[in-house]
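J.: Pasting a structure below so you can have a look.
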Amino acid sequence: MSSEKFTVTEHLVPGSYIREYPGSTVTQEDVLKIHVKQYTPKHEGPVPADAITFIAAHGVGLPKELYEPLWDELLERTNGFHIHGIWVADVASMNQSGIQNEDKLSMDCSWMDHPRDLFLMINHFREQMPRPLVGVGHSFGGNIITNLAYLHPRLFTTLLLIDPLIQLSPPSMGFGTDPPGPINYTLWRNDVWPSREAAIRANRGLIHGWDPRCVDRMAKYFFRDLPTPLYPDVEAVKARFDAAADTTATPVTLATPKYHELIAQIRQNFNARDPTTGRIEIPRATHADMDPLVASIPLYRPEPRSTFRRLGTLRPSCLWIVGGATFLNVDEIHEGVKICGSGIGGSGGVSEGRVKEVILPGLGHLMPFQEIGTVVGPCVAWLQQEMDRFRQMEREWGEERKGKSHLVLEKNWYKVLKPMPSGRGKGGRKEKL
């Protein structure tokens, strides 16, 4: 259990201002709160100066607590590195953050907001987050942590991307409007049950093959007791299930309402076609990120494509962990790995040993909750390598800085910038422009 290995501290911090989409909140002046959990290992001895601070991002609608067994396993297998702390925040519209913000949230969601929220969180707690920082992201959390690295290229020493949603095309299982598809399922699914036990039974297909520790956390954090703003009348819900006689059973719903889960997966583009002329006109105030080539489609999601197109510039080194049975487009992930970090401003990419892809055969998109040890294994090996590199770079930088003046420029400046000819301008000087 994480509480046995970590001291768990909860925080509430403000979200970033202004949000990417004006329709994300009821009013644009609403202040959102972000629910954060800080996991500090219960070290027996002093913490090394180079212990890692992890910043993690969860998948769509998946409570941050589901990843606690992953942190337990990572802590147990540390070798060649130490953990200073692990910080995970629920996205503003999901889980505990969403509950805090439910009177302020509206029906739009951008993946670009959470990277800014995390950056705000990091600066807020900077005294508790010494370098090196390592980013961890699963699913759309992998996209989020990558965009945080774009926002501040030198923030992270390395990234661990677990089946990240970074690709040009929609997944092969489809994001179209016709079933079957994840968005169809999300919108039309049942979202209220007569008890927590009934909810777990109804969702057993989702948790099939999960580690029991993750199943326990699913039962605790994925659902929420009624009443809620969506379901304020508990007795009416009980009557719906003919459960009024069972006074001990409390009906539950999803901790992240299905509507917020849906708009995190896909975004509406219902008004691009002018009803009078029939022409497609992108509403720039709300849909500036719409690709004009596909502006006629009613649903889209811009961040996987925009993030993919910038992969060449990714500065931190990066480990991609991909499920062999993932629903994502594996061929496009392979192409993303090839270009990752290879461009101007990037890490150097695969050719310089800064980017690596590991495929885990037989594992699907939810592998952090299935074969936890199998997922942690390549992470540990990669962190050992990258921490060796980090320590070497720190030593070299320290040596280079020895004896340097912090008050005047070094002599090379005077060698490169030649002196001005005498007799120019007033008093022999050329005036500055």
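Here, residue 1 is simply the first one shown, and the rest follow in order.
Backbone N, Cα and C atoms are what each Cβ position is placed from, and that goes for glycine too.
Swiss-Prot feature annotations, pasted as is:
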- Ser139: active site, nucleophile (ACT_SITE)
- Asp163: active site (ACT_SITE)
- His365: active site (ACT_SITE)
- Val60, Phe140: substrate binding site (BINDING)
- 58-246: region 'Abhydrolase domain' (REGION)
J.: Need this for a regression test: recorded positions Val60, Ser139, Phe140, His365, filtered to those with Cα within 10 Å of Asp163 (active site). What's left?
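T.: Matched recorded positions: Ser139, Phe140, His365, sequence order.
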J.: With an 8 Å cut-off on Cβ-Cβ distance and a minimum sequence separation of at least 6, pull the same-chain contacts of Ser139 (active site, nucleophile), or say none.
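T.: The list for Ser139 (active site, nucleophile) reads His58, Gly59, Val60, Leu62, Ile162, Asp163, Pro164, Leu165, His365, given in order along the sequence.
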J.: Could you say whether, by DSSP, Ser139 (active site, nucleophile) belongs to a helix, a strand or a coil region?
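T.: Coil, per DSSP.
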J.: According to DSSP, which kind of secondary structure is Asp163 (active site) found in, if we only use helix, strand and coil?
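T.: Asp163 (active site) sits in coil per DSSP, no helix or strand.
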J.: Is it possible to get the count of other C-beta atoms within 10 angstroms of the C-beta of Asp163 (active site)?
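T.: Counting Cβ neighbours of Asp163 (active site) within 10 Å gives 27.
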J.: When you measure from the Cβ of Val60 (substrate binding site), how many other Cβ atoms are you left with inside 10 Å?
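T.: So the number of other Cβ atoms within 10 Å of Val60 (substrate binding site) is 21.
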J.: Tell me the coarse DSSP state (helix, strand, coil) of His365 (active site).
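T.: Going by the DSSP assignment, His365 (active site) belongs to neither helix nor strand, so it counts as coil.
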J.: Determine the mean pLDDT over the region 'Abhydrolase domain' (58-246), rounding to the nearest whole number.
T.: 94
